[in-house]
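What TrEMBL records for 27-267 is domain 'Deacetylase sirtuin-type'. Summarising the annotation, TrEMBL assigns active site, proton acceptor to His134. The Zn(2+) binding site annotation in TrEMBL covers Cys142, Cys145, Cys167, Cys172.
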Amino acid sequence: MSLGYAEKLSYIEDVGEVGMKEHFDPPRVLHQKIERLGMMLRKSKHLVVFTGAGISTSCGIPDFRGPKGIWTLQRDGKALPQASLPFHRAMPGMTHMALVELEKAGILKFVISQNVDGLHLRSGIPREKLSELHGNSFMETCPSCGAEYLRDFEVETVGLKETSRNCSAAKCGAKLRDTVLDWEDALPSREMTLAEEHCTKADIVLCLGTSLQITPACNLPLKCLQGGGKIIIVNLQKTPKDKKASLVIHGFVDKVVSGVMNLLNLQIPPFVRIDYLHIVISKALSSADDRHTNWTLRVASSHGPKARLPFIKSVEVSFPDDEKYKAAVLDEQPFQLKRRTERTRAFEIGLKINFMEGCGCSSTNINIPFDSKVSTDSSNHDSGSIIQRLKDKAIEDSCCGQNAVIEKKDASVPRSEVTVYAIVTNIVNYVKASKTLELEPFINGTVKRRKRSSNITRSSQKRSHISS
């Protein structure tokens with residue numbers, strides 16, 4: 001997945017220092033530093049977290065500059081690493097989900113990311129509390145009205161180019177653009193402005209898994225120093241900003257963050273991935289006689305009629321109530337079945353949705369009642385509550401595959417019934433992982449909590465300016 005992303009970039013000779021040596025604090029020193037970091041975060045009033053490639057390597061996404069990074073291996077003429085799963089199926093790691101909990105607890109105020117993997121948004125960090133300085137491989141934006149579209153597939157271009165899709169906002173329809181910067185693209189003003197504002201307010205800027213090499217992004221943490229704030233760096237390599245930091249921790253980011261969460265007596269929440277699909281049924285009277293209905297069933301993407309469903313391998317169609325109707329297997333996209341059935345017969349269509357590699361279970365089943373009439377009813381469900389119930393059930397059962405209807409609507413051309421389904425396709429529990437370090441939680445004081453209910457990270461800028 002990294003190679004695919006790297007190949008889309010324009011060629012540049014100087015990508016900064018690569019093959020950087022990794023450093024590890026001795027266990028006792030690491031323990032002491034984690035305790036100190038925990039105390040500092042406990043007292044923080046405006047925590048900003050600044051992230052780089054190091055928080056996503058545990059998610060199966062290789063970095064660029066580490067000992068086994070893309071650019072390091074390219075420089076040495078070595079084979080590039082193989083992705084452990086498709087990029088669009090990469091899931092947030094322990095650190096991503098810990099940040100979600102810190103935000104819900106009211107400790108974390110803002111996240112600034114140099115990564116293009118989209119994992120912060122996928123994890124549940126609110127969009128208004130996130131600056132993705134170098135873009136998002138799964139995001140398209142409308143240059144006319146500003147609408148954003150988070151996709152379940154990787155957008156095909158980089159460099160803020162037009163994509164093959166249009167804005168669906170009312171009275172707009174402009175061509176969408178990708179959001180990922182190429183080397184010479186300037187950082188987006190909105191993302192940069194928010195990042196600067198929060199770094200200026202911050203009493204702590206916590207830098208996680210970044211070499212802090214690429215300007216101007218790497219200079220953002222320094223803005224907190226003007227108001228008496230502190231910089232903390234957690235990274236395996238030394239950085240040009242280490243001398244400015246109040247605390248430098250050389251250790252795996254996940255290990256450090258999980259230790260801090262234990263100290264703060266906060267649980268790292270599970271990650272539950274929800275994917276969406278449309279089931280479209282179009283019906284018409286047969287032209288041959290008035291006793292039959294011609295109908296088409298289509299399993300479609302929620303991202304447009306021409307978009308593929310990257311998480312579905314095949315669809316098995318059956319008719320459990322009526323053996324006279326022949327079953328079918330749809331193994332090529334678009335997943336579509338055409339049939340002619342008697343008008344007077346009502347029956348059920350059974351769909352077995354078989355998932356692609358990278359999903360947490362092999363399939364899910366959906367049953368659809370069918371009659372010959374075309375419904376004209378549209379209904380909006382409380383999608384937020386439905387999705388939360390799906391997530392709660394997945395966590396309770398420790399498995400995925402649950403699905404539910406979140407919307408029903410009809411389309412006039414052609415006359416069709418459209419049902420939108422939400423499906424749980426992955427669940428990851430971090431409870432065991434969060435016990436990596438046996439650190440005692442703070443006894444005095446409590447953390448104020450709110451009610452809860454190829455392609456990689458990369459640094460850019462005008463990104464050709466390397467900090468010394």
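From the backbone N, Cα and C atoms, a Cβ is placed for every residue, glycine too.
All annotation found in TrEMBL is predicted automatically rather than curated by experts.
Recorded residues the residue listed as 'active site, proton acceptor' and Cys142 (Zn(2+) binding site) have their alpha carbons 17 Å apart, per Cα-Cα distance. Over the domain 'Deacetylase sirtuin-type' (27-267), the average per-residue pLDDT in this prediction is 92.
Summary: among the binding-site residues (Cys142, Cys145, Cys167), the fewest other C-beta atoms within 10 A of the C-beta are counted at Cys145.
The recorded positions in question are His134, Cys172, and the one with the fewest Cβ neighbours inside 10 Å is Cys172.
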